[in-house]
Structures are given as structure tokens and as C-alpha cells.
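Single-structure report; data block below.
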């Protein structure tokens, strides 16, 4: 993997670059659609490519459980298995192990309202108050499958082995993603574990990569605490990673500071991926603060719920007024949905529970987000990032 | 609409032809994919076109209820509404009124085992034994919506008005589709109604078609009785229809005789559509007996259930053995699924409940059936229909 910075945004951390992988280039900043189970939900690879996706992210946790990483390896790797010949990223499985596995039955989301009392119960305790994440050892994590309740044990070495079997272009070190509701002492312990696992991930990767050609990113954690975030960035910087992920279950108001603290420390010449974030306002924030890659399920998940992005904010196509609306979802949008269908037709498909509804809405939302990041990229090249940001957010956030 | 016969099959009723409509040509015999609610389920129009579909059939009953034919007219008609610029057929709504509407809560299928005792209860009685289809008058049928139980009243005139609002290229006269379990007296009464409705449909169509350019097909009914079938064909032949549908809820063993009785009488120079039929063995039978058009939900419905057509019969991709099978669903198949994905990947998508599973399986099944009819067409042109039929069915039916 090779990363080249083409232009920097003045007086801040933002930059435009190009990542080159064995499966093609990614022009950064870039939004990475999520294909959790080796499929960007409701889309063929050609549809994803045609709407502008240059890279996708698949989830290690899900693919390890089903169909299994060894099966994917036998199939010739993820690219061949899922017919996607452009770059692929896999995450480490860490986030899902904690949100779907260990915290079985509870949801940990990437953006958390820490004022929500239900989240003030640390996820390391189960409903009875008994320690739940006691199953985290220094060596790894045992967790229950969200599919069938079976018990699995993942170590950093195992995560890297799984990811090498899957065969993405960029993979991640195994980490522990804590809730922002955890106390400082727990955050500190968890961070030490994440750093220890980072080193072990790197060692395992170096062994396996003698015959492979995969880039490994380390993940910065540390929650909302400035000291821990900076400590984490400094530690990871000292290791020979090809790039970095910025992890965490963020309270929205903490995200910007955490990203800035980290990116002021991380080496400029290596790419940075803000994990699991993708709302328009967060994309501007991240890019301004030096983020190169974003992934998020929001565009496709919102699409399947009938929530569509427009430059004036999201609309819900199930609203009765759209039944008779023969305009495009978004005027002047060049996506396949807007070029060929009306709001009335999309509303009809949703009311009729037609599968095509999910496909068309996903195409629009991914096009909107990917294209927004491309426009932001161009605005940096054209020296008008701040004007574009102001203009876009004025329309988008007013609703 | 124009129909030209290009070649006839010797010593039987089969023929190869071309139907020309305002939205393009249909090479016959042809299989017509069903897009019930103005969407071929799980496919974009481009995907349907790319797999070989030249024409689709949408259901009047469903579109009348949702989103409503007047809304479709305001949208500029079905072609524009659903972004399908090739020929469209709509049915009359008759079959669905009886199977989904009047017989609310019961299913009437196109192929019936008349030995199945549950079907020996005539659908004109409800569960309490009270007459149900008493709501059929000489004028029309009142029925309950399967969506919300609301009461609607459809006359032949209304069916034709709805279909003109939808704006397909080929539409059908309103008819009553009886169960094969009905007695001779009821079949006779129902047939008289269908014939009366055929005349009224034609009259209404002639009025509306002064400003439109739509072809109207009459529907031959008569159940499994030779006298009634022949009577129906002779009656409809006397009217100025552009083509004919052959309707009925068939017991499989009755289908061939019914089709032959009818097509020996119907005028050779007009096209014939066998409604709701599409299994491979039935396609050979129908074509040999002079059918030009077929439609059926089976390929797409089977696909969504994981049942895939192959030249050796159907396979169910959910079978455990396919999890590790890296071959294509069908060797040498040129469809998008088989060209790019393994059985293992498709099985993984089905096990993971991924929407793409429905899309890929539907592409394969529709390609298989449409392409089978194209091969049959070619075999007639090449004078080897009977050899091709024998060879194909030997492989397909042995499973």
C-alpha cells in the first residue's frame, strides 16, 4: 500500500491524497460503504461501483461466524468470493465482539448519548450486575455468537489470521472498543490491553504478510479522555503500522476533540480511518481534522428505512405527501434513482414492501454521501473548503 | 400491435413469430416476467432487460389498489412510472379478484390438484357454507381488498378504464376464473358471464382507444370441459380482439388438452397468451400447441425461496452441501449469477438473509426460463424442436 498527499488544507489538519493498493486506488478523503457480510446490502458490486464507491469495508466478526474465514480463503479470498475487484478493508472484529458478541442482547452504537441512563450501565456488567467482560483476559476475548449463542475465543493473533484468510487490502489490529460511560480506571486498563494487542497484531501480521500483500492499520482508542487519547496516538505512532484507525463509541460532542488530539500526533504520511462515522456534518469535521477514510452503515440502513439524504436534510419517503410527488427525490441529483424515478414511485415501492425500494434508496444514499466526500475533496483542491462547508451545512442542518 | 408468423412447426400448432408494439418488439414464443406492483421483484429494469426480458406483465388488481391507476396515469403511465421502456402487458384483474379479493383468505392457484380435498370446496361458498361469490352480478364483481379489507366494485368497463390509465401495450378483457372443482352448471354460468364481459370490455376499449394505442386480448375460459372450452374459443374468435388469453385454474393433466382444443379454433394470425403458466415442461407443451406468450411468478418466487433452475432440475441452495460448493449454480450458464459467483457465495447470502440473494437468484431463474423459451424458438427455426424437447426434458425431469 502506498499513500501520497496531494494537497493540504491551510491552518488545519485536512488533506487530499491517494491510497494505492494491489486492487486499485482510493482517492482520499473517501467514504467507504459497508458490506458487512461480503455484500453491500441490496446492491450488486456493479451498482456500488457505478454510484462511485472505490472501496468497501467488510466485517471480520460476521464473516468469521458465517460463512467462516477458511471457507472464504478456499473460495479465493473476499474479492473473488463477492465479485468485488477494487480495494477491500476489513475491521478487526473488536467492535462487534463487544457490541454484538460479549454484550449479547445489548447494542453499543458508534454515537452515544451519554445522558441516556441505559448506557450508564457499563457493558462489562450484565443485567444482574455480574461482571460480563470478565471474559476479557490479557490474551483475548471469549464471546457468544449473536447468531446461535455458540462460544468463541478471539485473540489478536486469531483476528489477524482471520483477516489474512479473508484477504482484504487493508486490515485492522484487534482492539477493545469501550463505552464512553466507562470510568477512567477501566478506560486505562482497556487501553493498555489495546496497545498490547496492537503489538501482537503487528507481529502476527508480519509473519503472515511474508506471502501476502496486506496493509495493517493500528487503532487508537482512549475514549473521551485527552490524556488517554494522546497516549494512545503516541504509542501507536511508535509502531510500524501502515495507517491508523480512530476507534471509539463517541458522544457526538466529543468526537471533534478526540479526532484532533489524535491526528495532531499521528504521522502525517500515513492514512487515518475514522471508524464507523458517516453523517454529513461528521464528514466535514473529520476531513478538516485530518481524516482520510470513513465507513458507516448509516447510508444503507437509513435507506432501507425509507430515510433519504437531500441537501436540505433527510426526508422520509413513507410520509403521505410523497405518494403524489412526481419530482425526483433530489432535484439535479445525478444518481440512478433520481435520474429515472419519482418520489411517488419510490414511495409506492416502500408501501408495497418491494425489494427494489431498498436497492434504489441505497443507491441514492450512498451516492449522496460518497459524492459529498468527493465534493469536499474537490473543494480542498479548489481552495474553497470552508465556503463549501458553510454553504452545505446551512442547507443540510436547517431542517 | 402487429403480429407476424415467421415459421410454423410441422404437424402441430406451434409457431415462431414477432409481435410489434409502440414500445418495441417481442419475439415469440416468449416468456413474460411478472412485475406485479410495477417492479419485477428484486430487479432493476436494466437487470431484467439484460437477462433477456423483452416484455413484462404487471397486475391490474394490485396497481388499482396501490398506488391507484389514476396516480399511475398522472405519473405518465406505467412505462414512465417504473422506468421500463419496452412492451408491458397488464392482466384484467379477474384472476386476482377471485383468488385474492372475493376469496379473501383463500388461495386459488394456477395449477391445482383437484384431488386435494380442500379445493373441492367451491370458492363461491365461504367457510360457513354461505354463498360468497353471490357478490358476482351480471354487471361486475364486488370484492374485498387483500390489503385493508375495503370493498371495491369492478365491472368490465372499470377494468378496461383502469388498464387504459395504466397504459400498457397489451391489456386483457375482464373475465371470471373458476376453480376446476366447480360443477358443470356453475362453469356454464360463469362462462356466459365471461363472454358477456368480453363484449363489454371490447366496447369500452374501442371508446377509449380512440386516443390510445393499446391492443386488447380476450380471455378464453371454460374450465376442463371440452364443450365449454370450444364454445368459448368459438365465441371469442367472433369478436374483434387483437389476441387471446387462455385462462383457467388448471389441473396439470388437463392443461394440454384445454390448450389444444382452444388453439385449434382460435384464428392463427392472432397471438395467444397462456396466463400464469411457466414451468419448463409446460412451456414445451404450450409452444407445441400454439401458445405465443407465457407469464408466471414461479421463476422469481422460487428464486426468493432459494430454489434455482438447472438443466438437471431445480436445486435448493439452502441445502447444506452447497455451503462449500465453489462451482457456479449451473455450469456453462451465461447469466450474471453464474458468470460471477459460486454456489457457496449464493448459499452464504441466503443463510445471511442478504437482499442480494433474492436479486442474484431471480436473475438466474428468469434468465434460465427466458433463455429456455428462446432456445425452443431457435429449435423451431432450426427444425429440431422435438429433438431439443426430448433432450432437455430427459435431463430436467429425471431429478
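From the backbone N, Cα and C atoms, a Cβ is placed for every residue, glycine too.
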Residue from B:348, B:351, B:364 that TrEMBL also lists as binding Zn(2+) with B:333, B:335, B:338: B:364
Report the candidate from B:68, B:149, B:248 that shares the substrate site with B:91, B:92, B:93, B:94, B:95, B:175, B:221, as recorded in TrEMBL. B:248
For the recorded Zn(2+) site formed by B:333, B:335, B:338, B:364, which further same-chain residues have Cβ atoms within 8 Å of the site's Cβ center? B:328, B:329, B:330, B:334, B:336, B:337, B:339, B:363, B:367, B:368
Looking only at the region 'RNA binding' (B:276-282), what are its DSSP counts of helix, strand and coil residues? 3 helix, 0 strand, 4 coil
Find, among the recorded positions listed as B:175, B:295, the one whose Cβ has the highest number of other Cβ atoms within 10 Å in the structure shown. B:175
So for residue B:338 (Zn(2+) binding site), how many other CB atoms are inside 10 Å of its CB? 24
Distance from residue B:91 (active site, proton acceptor) back to residue B:248 (substrate binding site), taken between C-alpha atoms, in Å: 13
Of the recorded positions B:295, B:333, B:338, which one sits closest to residue B:94 (substrate binding site) when you measure Cα to Cα? B:295
Checked against DSSP, the composition of the region 'RNA binding' (B:300-304) is 5 helix, 0 strand, 0 coil
In DSSP terms, helix, strand or coil for residue B:338 (Zn(2+) binding site)? helix
Quick note, residue B:333 (Zn(2+) binding site) and residue B:221 (substrate binding site): C-alpha atoms separated, nearest Å, by 38
